[in-house]
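> Below are the structure tokens for one structure; questions will follow.
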Amino acid sequence: MSPALSLFVTGTDTEIGKTLVSAALLRGFVRDGLRAAAMKPIAAGATLVNGVLHNEDADQLDAAANVLLPPDIRTPFMLKEPAAPHIAAAHESVTLDMARIVDAHEAALQMADVVVVEGVGGFRVPLTDSHDTADLAFALNLPVVLVVGMRLGCISHALLTAEAIAARGLRVVGWVANRVDPAMLFPDENIDTLRDRLARQYDAPLLGSVPHLSPASPDVAATHLDTTRLLHALRTAPR
């Protein structure tokens, strides 16, 4: 039996569609006949529903997956305050322990064929006084899918994020253009610029361009993503 595959989804900023793209990847993997599970290791902005803490992003990922992980494995740290993780954690006297997340990820790999791990915010969001999401991705040692929110300034944001990922010794296995701003001028030209530079500098292919969707639909978004190409890259990536 082949070992489970996994990837880390990060973005150029917050609110640029990481959850939509993560859910779309899950739907694509399910369509490809895989047992697909999701992790949102740290979720900020949880609400109590029938005595259980829920986070909208984590719930959306569960809805897209066909393997549901136990809540403490899917989301080891569920924080109530909708704030940066280190601020929310300090407010609740919680220590965000990366070893606990790594252990949860190892457990998740035993339950599915592919595990999509969605980060929180951008790639350098603080988690503790000394660690950030880049350290988490490094600790998990996962190839990274970069979600680029297509809006003014996205070229610099994308290239800076790709540079930060590579600086940690991690591979940008591909990127997704998500058209968060339907009024953006010259979106195709921006995508062409990023397609050229990310491929040339980081060997990172464009996995798809998701149009502005209202309402957001992972199933529709999945039709715009090349999960077959992504799976091939994951299977041939150095371990």
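One-based numbering along the chain as shown.
Cβ from N, Cα, C; glycine included.
Grabbed the feature section from Swiss-Prot, which reads as follows:
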ACT_SITE  K40  active site
BINDING   15-20, D57, 118-121, 178-179, 211-213  ATP binding site
BINDING   T19, D57, E118  Mg(2+) binding site
> Which residues, sitting 6 or more apart from T19 (ATP binding site) on the same chain, put a CB under 8 Å from its CB?
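D57, Q60, L61, E118 - these are the non-local Cβ neighbours of T19 (ATP binding site), listed in sequence order.
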> Would you please pick out, from the binding-site residues E15, D57, the one with the fewest other Cβ atoms within 10 Å of its Cβ?
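Among the binding-site residues E15, D57, the lowest count of other Cβ atoms within 10 Å belongs to E15.
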> Relative to the Cα of the residue listed as 'active site', which of the binding-site residues E15, G17, G119, G121 have a Cα no more than 10 Å away?
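Neighbours among binding-site residues, in sequence order: G119.
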> Give the sequence-ordered list of residues that share a chain with H212 (ATP binding site), lie 6 or more positions from it, and have CB atoms under 8 Å from its CB.
R179, V180, D181, P182
> Can you check which residues sit near G121 (ATP binding site), meaning Cβ under 8 Å from its Cβ, same chain, 6 or more apart in sequence, and list them in order?
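Correct list: G11, D13, T14, A84, P85, T133.
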> Name the residues of the same chain, 6+ apart in sequence, whose Cβ is under 8 Å from the Cβ of G17 (ATP binding site)?
G11, V147, G149, N178, V180, V210, A216
> So, in DSSP terms, is D57 (ATP binding site) helix, strand, or coil?
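Going by the DSSP assignment, D57 (ATP binding site) falls within a helical segment, counted as helix.
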> Around the Mg(2+) site (T19, D57, E118), what further same-chain residues have their C-beta within 8 angstroms of the site's C-beta centre?
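For the Mg(2+) site the neighbour list reads V9, K18, S22, A23, K40, A43, A58, Q60, L61.
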> Pick out which of the recorded positions K40, R179 has the most other Cβ atoms within 10 Å of its own Cβ.
K40
> Counting only residues 6+ away in sequence within the same chain, which have a CB under 8 Å from the CB of G119 (ATP binding site)?
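Those within reach of G119 (ATP binding site), by Cβ under 8 Å and sequence separation of 6 or more, are F8, V9, T10, G11, K18, P41, V125, T133, L136, A137.
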> Could you say whether, by DSSP, T19 (ATP binding site) belongs to a helix, a strand or a coil region?
helix
